[in-house]
Amino acid sequence: MGRVDPVSVVVDDGVGWSAWPAPAKLNLFLQITGRRVDGYHELQTVFRLLDWGDTIHLRVREDGQIHRIGESVTGVVEADDLVVRAAYLLKYATNVHLGADIFVEKRIPVGGGFGGGSSDAATVLLVLNALWHTRLDVAVLAALGLRLGADVPVFVHGCNAWAEGVGECLTPMILPGAAYLLLDPGVCVPTRELFLDPDLTRDASPATIGDFIAGTAFGNAFEPVLRRRESAVAGALDVLSEVGFARVTGSGSGCFVEFSTRDEAECALERLPYGLCAWVADGASRSPLLDVLKTMEF
């Protein structure tokens, strides 16, 4: 028995650098209710923020340039990196003369459905808005974030939420305290391929927040497709099913089980076979980034 944590890369914070949390998320429920005329799918989901995630290191530049420090975990070129795009988006929207150096201390597995890229981008938007003194309100920042990805707005708002539309129409939710046993199967399936899969259910009956609270809205539309396509995901779900109700987050491939307490989650972790990339995180009542920003003076 044992555990393997996701790899963490650390940068030495020197003069001018500051470090900021970029929390992960889970989708506690996800279904597809239809398809819009523009080709995008209508979703219903519940976003749960976690107290665990990446750390974004930022340093303001006076010369207006924006650079990512270090290599991207995914090998994405700098201009296409979401954190760089987020910084440029804010810069052009506000016509600010300042720039930034950005380093991502990565913990959230790439392509796991834990929201790492979206959360990183949201943290850059929120923090540079403060460091650059551009003072855009949250609604404007969320609208900018939506141009980067459908999951970015929930991280900008920083609260657990019921989401509809493509995931951007948010209703804040108060969720009970919980701890989560997370497992990364180590595979990445492009979301576009999953949406094109003929076995994906795209016409689920619309649910309500009340349905979710009552426990009649649950599961993830992508799970049966992922089980069929990816043996690693099927295996991860089977292993987790030995300790609780196993679910997929987002479009996968990450999986999780919810527990009432951290002690229960830690005990379940110890029961897993050795060598799995599994760990425990607590659910957050709101983004830890908001708490950090609230204590800072700019």
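A Cβ is built for glycine as well, from the same backbone N, Cα and C atoms used for every other residue.
Annotation source Swiss-Prot lists active site at LYS25, ASP151, citing sequence analysis. Taken from Swiss-Prot, the feature ATP binding site covers PRO109, VAL110, GLY111, GLY112, GLY113, PHE114, GLY115, GLY116, GLY117, SER118, SER119.
Cα of GLY113 (ATP binding site) to Cα of LYS25 (active site): a distance of 8 Å. Looking at PRO109 (ATP binding site) and LYS25 (active site), their Cα atoms lie 12 Å from each other. Listed in sequence order, LEU82, VAL110, GLY149 are the same-chain residues six or more apart from GLY117 (ATP binding site) with CB atoms under 8 A from its CB.
Taking only the Cα positions, the spacing between LYS25 (active site) and GLY115 (ATP binding site) is 6 angstrom. Between the recorded positions GLY111, GLY113, ASP151, the minimum number of other C-beta atoms within 10 Å of a residue's C-beta occurs at GLY111.
Excluding PRO109, VAL110, GLY111, GLY112, GLY113, PHE114, GLY115, GLY116, GLY117, SER118, SER119, which define the ATP site, the same chain contributes ALA24, ILE108, GLY250, GLY254 within 8 Å (Cβ to the Cβ centroid), listed in sequence order. Long-range C-beta contacts of GLY115 (ATP binding site), restricted to its own chain and to partners at least six residues apart, with a cutoff below 8 Å, comprise ALA24, LYS25, ILE108, ASP151, PHE155, GLY250.
Here SER119 (ATP binding site) comes close to ALA22, PRO23, ALA24, LYS25, GLY53, ASP54, ILE108, ASP151, PHE155: these same-chain residues lie at least six apart in sequence, with C-beta atoms under 8 angstroms from its C-beta.
Cβ neighbours within 10 Å of PRO109 (ATP binding site), excluding its own Cβ and spanning all shown chains: 22. Counting every protein chain shown, 28 other Cβ atoms lie within 10 Å of the Cβ of LYS25 (active site).
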